[in-house]
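Quick look at what TrEMBL lists:
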TRANSMEM  20-43  transmembrane segment
TRANSMEM  49-70  transmembrane segment
TRANSMEM  82-101  transmembrane segment
TRANSMEM  113-135  transmembrane segment
TRANSMEM  147-169  transmembrane segment
TRANSMEM  212-232  transmembrane segment
TRANSMEM  238-255  transmembrane segment
DOMAIN    273-346  domain 'PAS'
DOMAIN    466-518  domain 'PAC'
DOMAIN    531-741  domain 'Histidine kinase'
Amino acid sequence: MEANREKTYNTKNYLPYKRIFFTCIYSVLSALIVSFIICRWYWNTYEELIHSVLELISIIIGVATFLIVWYQSEVDNEVNKILGFGFLTVSILDLLHVHYYKYIVLYDIANGQLSVLLGLLARLIQILTLMIFSFKPFSRKINKYKILSLTIIIIVAVSYLSNLTYKWIPQLYNEKGNTGFRLVLESLIITLVIVTLNKLKFRIEENHFVRFTYIFLSVIMIIPSEFCYILFNYRDSFYVVLAYVFKIGSYYFLYRAVFSNMIRYPYTKLAESRQRLEDILNDIPIAIYTYNANDKVDFVNDKFEELSRHAKSSIIGLNNKELSKVIPKLGNEEEETLLEKAYKNEEETKNMVSTYIDGTGNAVKVLVNMYKIKNGALALINDIKKEQEIDNLHLQTKAILNSITVPIMILDGDNKVTACNNSYLEIIDRCDIDLIGMSYDELRKDIGFIETKGSLVVNKDKDVNKEYEGYLTTRDGVNKQISGTYSPILNIDNEVIGAISMVQDLTEKKEKQQKLINQEKLALLGQLGATIVHETRNFLTTIKGSSQLIGIYSEDLRIKEYAKRINASTDEVNRIITDFLSLSKPRETELLEVSFNDLILSMRGIIETSSLLKGIDLVLDLDYDERYILCDETQIRQVMLNICKNAVEAMSEVKSPLLRISSGLRIDSNEIFIKISDNGNGMPKDMIKRIGTPFYSTKKNGTGLGLNACFNIIKEHNGKIEIQSKVGKGTTFTIVIPYIDEALEDII
């Protein structure tokens, strides 16, 4: 077996060389025969004519090579243009050589020197061109017009210098034949030929725009041609004719390499492209067949053959009617076929469900899409059963995701969202259609996510997961605090093909933690306050007792007045610290029947004075329908004054501050309300939810205890505080308290 492999290997490698060897033998024999005939019967009589014809054949092939490369560069711009422009130079120099050959015929050795020089330069440029091409057959895009300009300059320069210096350079030939200087130049050409062949032997089996086998043969034919130039010793020598015939042989193989290959090359590339397209279509897991311009099936892929249970050979070449007989359709025949509708670009050719009988007699339900294409039509067919399996799998995956309470999002390899469950959508407040297809970075930007903490975790399998915490903003302007993980999804080769992100809403958890902290603060503050109040009251008792004694025993009226003031101030301080003590041990609310309007009017003077001092316009819009409420008058007054004070402070930076106080009734619910509105900065929705929380304040130096006390007081009165606010517009606090029902009052 190994011997057979070795034999096959050697045959594969040496077969091109065998072909080249026998071609060379045939070419040499043919050249000898043709040269003998020309030299024996025609050369002496028609020397100049035959010379011109032989050279013109080479010139025509050289110019054709230039034109092929010139126009082919528009299609394949990677071909080294030196091949075309080099042979253009060679052809023009050969043409000049033919022009001056008449001096050789006339035995004018001095002027014939120019013809020999031009011919020698042409052959030298020819082998240099082939050598450069063999080393670098392909090159980057180069402007061919610039190269053409450079070529023309070189041709003009060489021609001019040759015409100027041919009499000064060493003599190339004389009456006896070649000179030593010419033999050196011919030997140089042979050396360049050997170098070129050594490089070309590695490219013999390559076949691009040119066929390197024929390029190799073209270069080989230069060797016997050069030896003939070296051997001839007079003008009528047989070697002169043989040299020109070998030169034509070299150009003939150049013609085979470039000119004939130009016709074959596009078809080869077209066949390769068609085969590549067929391979691609055969690998697509969708049944495909196409119609040509004659409405006959010209292509069927492997999937169609598998689905229809018919061989490709039995389908290709059928027209639409013949195909419908081979693969019949169940049901009534349509008046107009899908193919005819496709040619009219009708929408009814998309997603058509049909049932056909396959080659085994079984019914196959398929989804057909027919499209009009250039010079024909394209049909795509999917097995509905497979489609349903994929859809069911997708639905099952979605159902499983939605049944999981943990918010989950799945990303693909490009970090784009492919799926997420309802819990995830609820957290970020985004609908499904907005999310799918969005990149992970775009999503984070869209929801206003700000990462506050992140860390990388490496597990035992060396997979890197990311854990993070941060804030996001919903479309309603609500801030949520979340934590999550970002874990890569790996395939069996440990390549990242996607990622899964799971998040958790920490907002409620953090709020509960903050409430516990605030309760602990309040308890600590209450304990500290109780101690302070107890000790302070001892001193107040001493002060008050002393002031009373001073008032009793002193006869000075001024001293009695001061003692009275001290006594009153002591009572006020006692009241304040008693209220402070309520933080740790709230006192019982004393509910009395109070006129709501009288309660508001009793604070009017304080509110007007405070507004006037701050430069704030005050508008009172009170409902004077008399209603009574059961309340602790001091506490309700404290609530209203506290909210008014906050409203005034919220308008400190407003150009035209306006405080509006209005009242009214909610008869359906037996409630009375008072609205306190300002046109200050306003608050976002997430901030409104936190108003009334202990130690939460929107003011720079606020404690957050004032509004907390207000909410607690109103709650004890079976009422509520409603807040409406818009950023930049202002805020409205509505205090709602139930009033005494008149019917109930009459019964009592």
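Note that Cβ sites are derived from N, Cα and C of the backbone, with glycine treated the same way.
Remember, TrEMBL labels are computer predictions, not curated facts.
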State, in range form, which of 20-43, 49-70, 147-169 has the highest count of Cβ pairs under 8 Å to the transmembrane segment (82-101).
-> 49-70
For the domain 'PAC' (466-518), what does DSSP give as the number of helix, strand and coil residues?
-> 12 helix, 30 strand, 11 coil
Contact ranking winner - 20-43, 49-70, 147-169, 238-255 against the transmembrane segment (212-232), Cβ under 8 Å | 238-255
Best-contacting stretch, by C-beta pairs under 8 Å, relative to the transmembrane segment (49-70) and drawn from 20-43, 147-169, 238-255 | 238-255
Across the domain 'PAS' (273-346), DSSP yields 34 helix, 12 strand, 28 coil
Averaged over the domain 'PAS' (273-346), the pLDDT of the predicted model comes to 82
Give residue numbers and ranges for long-range contacts of the transmembrane segment (238-255): same chain, 6 or more residues beyond its ends, CB-CB under 8 A.
-> 27, 30-32, 34-36, 38-39, 43, 50-51, 54-55, 57-58, 61-62, 64-65, 87, 214-215, 217-219, 221-222, 224-226, 228-229, 231-232
Intrachain residues whose Cβ lies under 8 Å of the transmembrane segment (20-43), provided they are six or more past its termini = 50, 204, 213, 216-217, 220-221, 224, 236, 238, 241-242, 245-246, 249
